[in-house]
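**Student:** If you scroll down you'll find the structure; I have some questions about it.
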Amino acid sequence: WEFNSSFHQPSAFLMLGIPGLEALHPWISIPFCALYLTALLGNCMILFIIKKTQSLHEPMYYFLSMLAVTDLGLVLCTLPTTLGLFWFNLRRIGFDACLTQMYFIHILSFIESSVLLAMAFDRFIAISRPLRHPSILTKATVTKIGLAIVLRGMVSLLPIPFLLKRLTYCGKMELSHSFCFHPDIMNLACADIKVNVFYGMIILLSTVGMDFIFIVLSYILIIKTVISLATKEECLKALNTCVSHICAVLVFFIPMIGLSMIHRFGKNVPPLVNTLVAYTYLIIPPALNPVIYSIKSSHIREALLRALWRKSG
């Protein structure tokens with residue numbers, strides 16, 4: 001390591017795979033490859049179908065496109081270091097490269113949270129104000145929402161790498177995962193990290209935390225609107241349009257909340273649990289989201305079948 005008597009910043013960190021199962025990494029890489037392949041092909045398929053199908057050029061599917069692009073970004077952020085570690089035991093990652101990966105992982109996670117909130121808002125308007133839905137969520141409005149989501153993530157997380165660079169590091173420079181995560185890097189410092197902890201908590205609560213609260217409020221209002229509908233068939237039809245989004249919300253937020261709790265309060269949690277929750281949070285949602293929407297959305301499913309029929313014909 002490069003060392004200065006008053007300031008010690010490592011030239012690199014060492015990444016860990018799955019604790020206690022290092023000898024099985026080549027075999028463990030098989031399900032990871034399957035998940036990564038599913039995420040890459042599934043999200044590219046969603047984007048291709050929405051682009052090529054004119055009937056899907058509406059707000060719900062524009063937001064789904066944003067979700068697919070975000071999931072692709074998350075996959076491409078973690079795939080090189082994860083498979084590099086499992087296949088070739090490439091544990092070393094440069095300090096600046098680690099901060100860059102961490103920044104983009106957190107930005108994309110925040111963007112995914114905001115996109116899920118936008119999708120909840122879209123469902124609320126579609127169910128409670130069906131006639132005004134096209135005039136409220138125009139293409140220009142959706143574009144502005146998308147830009148606001150990206151800017152919000154980039155600006156709110158911009159100080160994080162600089163807050164980490166100012167710290168002095170000592171001891172073993174081993175990360176808990178095969179990717180860089182803010183709490184993980186922060187805990188390797190031998191300096192006062194109160195500012196990092198406070199800023200990280202404030203940003204998490206004011207972005208992802210608020211997104212989750214507004215998503216829950218949106219569904220409370222949706223349920224109130226649905227209950228007021230005349231027939232049972234209308235209620236079921238309205239709720240059916242939300243099922244895939246509810247699944248996507250649960251798949252994303254449950255592991256994220258679990259990982260945040262472990263990093264802040266789970267000092268005695270076994271390292272294996274921490275690692276598995278982290279992988280679930282970053283790899284499972286990008287792989288499952290296209291599957292969920294392909295199964296539950298009849299429009300996506302029909303467009304996919306038409307595309308396959310044309311190719312086979």
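Each Cβ is built from the backbone N, Cα and C atoms, and glycine gets one as well.
In case it helps, TrEMBL gives these features for our protein:
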type	residues	note
DOMAIN	42-293	domain 'G-protein coupled receptors family 1 profile'
TRANSMEM	27-50	transmembrane segment
TRANSMEM	62-88	transmembrane segment
TRANSMEM	100-121	transmembrane segment
TRANSMEM	142-164	transmembrane segment
TRANSMEM	197-222	transmembrane segment
TRANSMEM	243-264	transmembrane segment
TRANSMEM	276-295	transmembrane segment
**Student:** Given the cut-off of 8 Å on Cβ pairs that are 6 or more apart in sequence, determine whether the transmembrane segment (62-88) and the transmembrane segment (142-164) share at least 3 such pairs.
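**Tutor:** When sequence-distant Cβ pairs are counted, the transmembrane segment (142-164) touches the transmembrane segment (62-88), since at least 3 lie under 8 Å.
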**Student:** Take the transmembrane segment (276-295) and find every residue of the same chain, 6 or more past its ends, with a Cβ under 8 Å from one of its Cβ atoms.
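**Tutor:** Hits for the transmembrane segment (276-295): 18, 32, 35-36, 38-39, 42-43, 45-46, 64, 67-68, 71-72, 74-75, 78, 105, 109, 112, 176-177, 179, 181, 244, 247-248, 251-252, 255-256, 258-259, 262, 301, 304.
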**Student:** Who are the long-range neighbours of the transmembrane segment (100-121) in its own chain, taking Cβ under 8 Å and residues 6 or more past its ends?
**Tutor:** 60, 63-64, 66-67, 70-71, 73-74, 77-78, 81, 93, 145, 149-150, 152-154, 156-157, 160-161, 164, 179-182, 185, 207-208, 211-212, 214-215, 218-219, 245, 248-249, 252-253, 256, 282, 285
**Student:** Below 8 Å between Cβ atoms, which of the listed ranges 27-50, 142-164, 243-264 makes the most pairs with the transmembrane segment (197-222)?
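**Tutor:** If we count Cβ pairs closer than 8 Å to the transmembrane segment (197-222), 142-164 scores highest.
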